[in-house]
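Trainee: Summarising the annotation, TrEMBL assigns transmembrane segment to 6-24, 36-53, 65-87, 150-172, 178-198, 302-324, 344-363, 384-404, 424-443, 464-487, 507-530.
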Amino acid sequence: VNQGLATLAFFGVGVNLVLFLTRVLGQNNAEAANNVSKWTGTVYIFSLVGAFLSDSYWGRYKTCAIFQVIFVIGLVSLSLSSYLFLIRPRGCGNQEMPCGSHSGLEITLFYLSIYLVALGNGGYQPNIATFGADQFDEDDPKEGHSKVAFFSYFYLALNLGSLFSNTILGYFEDEGMWALGFWVSAGSALAALVLFLAGTTRYRHFKPSGNPLSRFSQVLVAAIRKCSVDMPPDADDLYDIDGNDSSMNGNRKILHTDEFKFLDRAAYISTRDVEEQKKRTHSMWRLCPVTQVEEVKCVLRLLPIWLCTIIYSVVFTQMASLFVEQGAAMKTTVSNFRIPPASMSSFDILSVALFIFLYRRVLDPLVARIKKKGSRGLTELQRMGIGLVIAIMAMVSAGIVECYRLKHADKDCMHCEGSSSLSIFWQVPQYAFIGASEVFMYVGQLEFFNAQTPDGLKSFGSALCMTSISLGNYVSSLLVTMVMKISTEDHMPGWIPGNLNKGHLDWFYFLLAGLTTIDLIVYIACARWYKSIKLEGKTAENIDDQVSFKL
């Protein structure tokens, strides 16, 4: 419920931000789309800050509480600045009446407010998912099964929260009632914070494991110092500590793997190390246990998979920018009722809810029966691959809709919102495809990175998911800038001009479909290469069944 309320608050700002920038601040389509991509990207960059503080110093509970307070402050500041300074004259910012000019100080206050929202939400998001997962004991069969279900329902709560924002709040904001929408978001964020604090006495807490950057640096320095030594053929000769050692901070021991053999030198016990151990003066910058070395290996193995998810996030971010601008240029009226373009993302949310149900109740049990007895259904890596395939279908669908929209458009219009006779409901398939792909890609990502990161880096694993979205937004902004620069040569209007009827947004969608196809091929190669983390007490068969890409 906390996640649902916080998401309602966040998307109460984010879902219509591109329209706020064009209607209230007077920015053009390309500039507004870029600013939304940069802001959304910054939200997820801040997730790394939150994950670092959580894993290193504060712990997940304290980090969640502090960043939620910052989130509430940012939303209250945004509501006040919009009501007092930006929405002038009163009632402006709807489809009919643009707002007047604003001073540099007013614009600065606006950007300070939305980036406080970005900091608060970004720092909180990776920790709330991991904190929720902490409440389940993996070693208990019943709780372990509930933990897997938790990620699906957590993502469903996220989408149900955004459903209210995309429909009710989206409608009021589209009609020019921006301050009301922002105040409702602030109230929802405050309610989420109070609810989170109310459960304080019932939570399970895990101690932070210390600065991961220093642990990683120790492994690299120790390995480089011993680059010239002859390594023993047997991994049993490497330095390790007991799983109950106080230096483990309650984290599970990671078993040795054969990849990245150079790093094993950090665990090689030299004559000097033996002498220092006898004197109890040995330095972690010269000798690291196998578990610490394997932490670095785990992160290095995750990076290729993580990089392959960035292009998917480029596709996903179009829903908050170009999909909205495309919808605004279509027929948005049914009888006398006008449909806010941003509210079409409700079909994405409905698709997420439907496909979570179909996946958990139909597809997953079916695949488990087809595979060998006692195995799970689709692994996380397989689901992420399916998500990429569906994302390609979404971009192809969006491109085809844009082709038909242009055929029914008035290219000489002055104010081009609603200038095409093609109904906005033709956007439903592209939103539904995006929703289906999220269930496979983002829920799979959450489970994969949570399961494959060491115990002391769980928040970092969730932050990797969010940072993928962040870089996707930045890559999207870069692509739009490059496409506009190249396509506006020789005084051409470009693919994404202010008047979309004179552009070729369809070509941009097909470009994204092509890039995602290439990304899928690279992803399949990386997924087949990937080797799972090996925790003490887990059998190799169970590990392979959890993460293998092969059917």
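Every residue gets a Cβ built from N, Cα and C, even glycine.
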Trainee: Using a cut-off of under 8 Å between C-beta atoms, tell me which stretch among 6-24, 65-87, 344-363, 384-404, 507-530 contacts the transmembrane segment (302-324) the most.
Mentor: 507-530
Trainee: Counting only residues 6+ away from its ends, which parts of the chain sit with a Cβ under 8 Å from the transmembrane segment (65-87)?
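Mentor: That would be 6, 9-10, 13, 24-25, 50, 58, 93, 99, 102, 106, 109-110, 112-124, 127, 176, 178-179, 182-183, 185-186, 189-190, 192-193, 196-197.
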Trainee: Can you tell me which recorded stretch out of 36-53, 150-172, 384-404, 507-530 has the most Cβ pairs within less than 8 Å of the transmembrane segment (424-443)?
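Mentor: Selected stretch: 384-404, with the most Cβ pairs under 8 Å.
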Trainee: Pairs of Cβ atoms less than 8 Å apart decide it: which stretch in 150-172, 344-363, 464-487, 507-530 has the most with the transmembrane segment (178-198)?
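Mentor: If we count Cβ pairs closer than 8 Å to the transmembrane segment (178-198), 150-172 scores highest.
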Trainee: What stretch, picked from 36-53, 150-172, 344-363, 464-487, 507-530, has the most CB pairs under 8 A with the transmembrane segment (384-404)?
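Mentor: The stretch with the most contacts is 507-530.
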Trainee: Using a Cβ distance cut-off of under 8 Å, indicate which of 36-53, 150-172, 344-363 has the most pairs with the transmembrane segment (464-487).
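Mentor: If we count Cβ pairs closer than 8 Å to the transmembrane segment (464-487), 36-53 scores highest.
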Trainee: Tell me whether the transmembrane segment (36-53) sits in contact with the transmembrane segment (6-24), defined here as at least 3 Cβ pairs under 8 Å among residues 6 or more apart in sequence.
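Mentor: Checked: the transmembrane segment (36-53) vs the transmembrane segment (6-24), in contact.
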Trainee: In the same chain, which residue numbers or ranges, 6 or more beyond the ends of the transmembrane segment (6-24), come under 8 angstroms Cβ to Cβ?
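Mentor: For the transmembrane segment (6-24), the far contacts come to 31-33, 35-36, 39-40, 68, 71, 75, 78, 82, 86-87, 92-95, 98-99, 114, 117, 121, 124, 128, 157-159, 161-162, 164-166, 169-170, 173-174, 178, 181-182, 184-186, 188-189, 192, 320-321, 324-325, 328, 340-342, 345.
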Trainee: Where else in the chain does the transmembrane segment (150-172) make close Cβ contacts, counting only residues six or more beyond its ends and a cut-off under 8 Å?
Mentor: 1, 3-8, 10-12, 15-16, 129, 132-133, 136, 180-181, 184-185, 340, 342-346, 348-350, 352-353, 356, 359-360, 435, 438-439, 442-443, 446-447, 450
Trainee: Residues sitting near the transmembrane segment (344-363): Cβ under 8 Å, six or more positions beyond its termini, same chain?
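Mentor: 15, 149, 152-153, 155-156, 159-160, 162-163, 166-167, 319-320, 323-324, 327, 377-378, 424, 427-428, 431-436, 438-440, 443.
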